Amino acid sequence: MTIAIGKSSKEPKDLFDSMDDWLRRDRFVFVGWSGLLLFPTAYFALGGWFTGTTFVTSWYTHGLASSYLEGCNFLTAAVSTPANSLAHSLLLLWGPEAQGDFTRWCQLGGLWTFVALHGSFALIGFMLRQFELARSVQLRPYNAVAFSGPIAVFVSVFLIYPLGQSGWFFAPSFGVAAIFRFILFFQGFHNWTLNPFHMMGVAGVLGAALLCAIHGATVENTLFEDGDGANTFRAFNPTQSEETYSMVTANRFWSQIFGVAFSNKRWLHFFMLFVPVTGLWMSAIGVVGLALNLRAYDFVSQEIRAAEDPEFETFYTKNILLNEGIRAWMAAQDQPHENLVFPEEVLPRGNAL
């Protein structure tokens with residue numbers, strides 16, 4: 001037998017291969033190429049939000065207190081949007097507005113654009129992380145497809161909607177009570193609850209919650225009792241080859257309850273993916289429509305009849321009056337720079353008054 005001794009046929013690794021090996025190495029927390037986008041942007045987005053809610057006032061942009069330092073709590077603190085006068089400026093720290101002054105940048109609302117843009121890229125990086133990991137372990141990329149729903153909603157609400165309006169001012173501020181206020185704004189100015197895309201979104205999200213509850217309960221109800229552990233978590237090996245629960249039994253049960261049931265796991269789980277993701281995408285499309293000031297359903301005949309007949313009123317006409325009240329009160333409070341003053345005779349009144 002002849003043994004050939006010589007140089008290895010492998011070529012030396014270039015910089016890209018070395019980085020690829022290090023980034024995709026098997027470790028406790030996967031980094032990957034997507035991590036180069038995800039980790040820095042998520043760090044800056046969260047850091048900006050914690051900084052803003054802790055220290056930064058909204059007095060100069062909204063006339064509000066919005067930080068822990070001013071007495072807010074977790075539910076009322078927020079990173080507020082820039083003033084309406086700043087329109088769609090990126091509000092870069094080194095830009096003409098702040099001119100490198102960090103304090104002035106915070107006062108102008110620069111942290112909001114900072115958090116919004118870094119947060120958007122962090123969400124995209126997280127979706128790419130799911131793609132990358134799925135490819136590495138030879139899975140299909142449906143996790144990433146599912147995560148596109150929340151990304152679509154975030155981008156449409158925080159970026160596309162204010163881009164269609166006069167400025168970032170009309171986007172939601174990053175805070176719990178601030179987003180509640182934004183929801184009221186959406187109802188008053190866009191009649192959002194009567195928008196068909198909102199209806200599809202509600203059906204998707206609540207339908208998904210119902211599907212999750214039914215699915216979880218059904219699996220628990222049809223577990224095979226062949227484990228000897230003290231509870232569900234100890235009774236089965238995560239790498240077992242056999243089924244954990246009986247699809248046949250579940251099918252028979254729901255066939256008797258509803259008259260119809262899913263016949264296989266693939267269709268069942270695809271449906272559980274399809275319902276919430278489609279609902280979120282429909283909501284996102286609806287918000288893009290609102291950015292262009294597209295209207296929801298208008299039942300003008302009911303409005304005309306209610307105006308002519310004091311005894312005629314529907315839940316729709318009552319809601320329209322409520323929306324007018326939201327606009328009349330919120331516009332003056334929310335946009336003090338417009339100096340809006342409404343005479344009492346134009347403020348909405350119910351037909352009984």
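Cβ coordinates come from backbone N, Cα and C, glycine included.
Look at Swiss-Prot and you will find His118 tagged as chlorophyll a ChlzD2 binding site, backed by sequence analysis. The DSSP secondary structure for His118 (chlorophyll a ChlzD2 binding site) is helix.
For Gln130, Asn143, the entry in Swiss-Prot reads pheophytin a binding site. According to DSSP, Asn143 (pheophytin a binding site) is assigned to a helical segment. The 10 Å shell around the Cβ of Asn143 (pheophytin a binding site) contains 15 further Cβ atoms across the protein chains shown.
There are 22 other CB atoms within 10 A of the CB of His198 (chlorophyll a PD2 binding site), with all protein chains counted. The chlorophyll a PD2 binding site annotation in Swiss-Prot covers His198 and is backed by sequence analysis.
Annotation for His215 (plastoquinone binding site): spatial neighbours Leu268, Met272, criterion Cβ-Cβ under 8 Å with sequence separation of six or more. The plastoquinone binding site feature in Swiss-Prot is assigned to His215, Phe262; the stated evidence is sequence analysis.
Residue environment of His269 (Fe cation binding site) contains 14 other Cβ atoms, counted within 10 Å of its Cβ in all protein chains. Here Swiss-Prot flags His215, His269 as Fe cation binding site.
As annotated by Swiss-Prot, phosphothreonine applies to Thr2.
Per Swiss-Prot, N-acetylthreonine is recorded for Thr2.
What Swiss-Prot records for 41-61 (among others) is transmembrane segment, and it gives sequence analysis as the kind of evidence.
Under the heading transmembrane segment, Swiss-Prot lists 125-141 (among others).
Residues or ranges marked as transmembrane segment by Swiss-Prot: 153-166 (among others).
Tertiary proximity for the transmembrane segment (208-228) is limited to same-chain residues at least six positions away from its ends with a CB under 8 Å from its CB atoms, namely 234-236, 242-247, 249-250, 253-254, 268, 271-272, 275-276, 279. The feature transmembrane segment is assigned by Swiss-Prot to 208-228 (among others).
The transmembrane segment feature in Swiss-Prot is assigned to 279-295 (among others); the stated evidence is sequence analysis.
Taking CA atoms as the reference points, Phe262 (plastoquinone binding site) and Asn143 (pheophytin a binding site) are 22 Å apart. Same-chain neighbours of the transmembrane segment (41-61): 67-70, 72, 77-83, 106-109, 111-112, 114-115, 118-119, 121-122, 125-126, 169, 173-175, counting only residues six or more beyond its ends whose CB sits under 8 Å from a CB of the stretch. According to DSSP, Phe262 (plastoquinone binding site) sits in a coil region rather than a helix or strand. The Cβ of Gln130 (pheophytin a binding site) lies under 8 Å from the Cβ of Pro141, Asn143, Ala144, Phe147, each of these being in the same chain and 6 or more residues away along the sequence. Proximity of His118 (chlorophyll a ChlzD2 binding site) to non-local residues of its own chain (separation of 6 or more, Cβ distance below 8 Å) is seen for Thr41, Ala42, Phe44, Ala45, Gly48, given in sequence order.
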